[in-house]
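Right, one structure below, let's go through it.
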Amino acid sequence: MGKVYDWFEERLEIQAIADDITSKYVPPHVNIFYCIGGIVFTSFLIQVASGFAMTFYYRPTVAEAFSSVEYIMTDVNFGWLIRSIHRWSASMMVLMLILHMFRVYLTGGFKKPRELTWVTGVILAVLTVSFGVTGYSLPWDQIGYWAVKIVTGVPEAIPVVGGSIVELLRGGVSVGQSTLTRFYSLHTFVLPLLTAVFMLMHFLMIRKQGISGPL
């Protein structure tokens, strides 16, 4: 193992990278509440892993979506556990996100020069809520169907462009297969990609600027 490590060390300077990561100064006022953001990130990773596992069995069609979820829960080995973990970690992510934003706001972490860190955090909050809205519809049961119908109907109140936005979200005039396909694509590809990008930006800015001082 030593020779393998030395081979990589000679080419990538792994030790220098590790030293830079572990030697970052942590202010003495930092407490457990400053770790809440890390819990949000951990919940996101659990979401990605458990969601990826379910894509092997889930079928995003109005005829088979509900039965495929039933199959995951009853026939797939540990499928019930994987889906439950996905649901529990989703709730944990939302709860910890709210607490994290409260902590940042109450400790003034949004002030100069960290305004952009706050902005990326707000964008991540919007993406998290979008995860909830799109994921809620995927079982395509009565609750999911009517939730989608109500949510996608909200923009209709916007003058001039409201109807066009509704059709864009639904993939047509009414809720159906095109709507489910759109929500599935958003939930499994678009939103995870955007979340990963903005999380990286968020972390890099925190790394660059450090943790905000006490009030």
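From the backbone N, Cα and C atoms, a Cβ is placed for every residue, glycine too.
Swiss-Prot has this to say about the protein:
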BINDING   CYS35  heme c binding site
BINDING   HIS86, HIS187  heme b 2 binding site
BINDING   HIS100, HIS202  heme b 1 binding site
TRANSMEM  32-52  transmembrane segment
TRANSMEM  90-110  transmembrane segment
TRANSMEM  116-136  transmembrane segment
TRANSMEM  186-206  transmembrane segment
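Distribution of Swiss-Prot features across the structure.
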residue : record                : Cβ within 10 Å
CYS35   : heme c binding site   : 13
HIS86   : heme b 2 binding site : 19
HIS100  : heme b 1 binding site : 23
HIS187  : heme b 2 binding site : 21
HIS202  : heme b 1 binding site : 20
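Most Cβ pairs under 8 A with the transmembrane segment (186-206) among the ranges 32-52, 90-110, 116-136 are made by 116-136. Recorded residues HIS187 (heme b 2 binding site) and the residue listed as 'heme c binding site' have their alpha carbons 27 Å apart, per Cα-Cα distance. DSSP assigns HIS202 (heme b 1 binding site) to a helix. HIS86 (heme b 2 binding site) sits 21 Å from CYS35 (heme c binding site), taking the Cα positions as reference. CYS35 (heme c binding site) sits 9 Å from HIS100 (heme b 1 binding site), taking the C-alpha atoms as the reference points.
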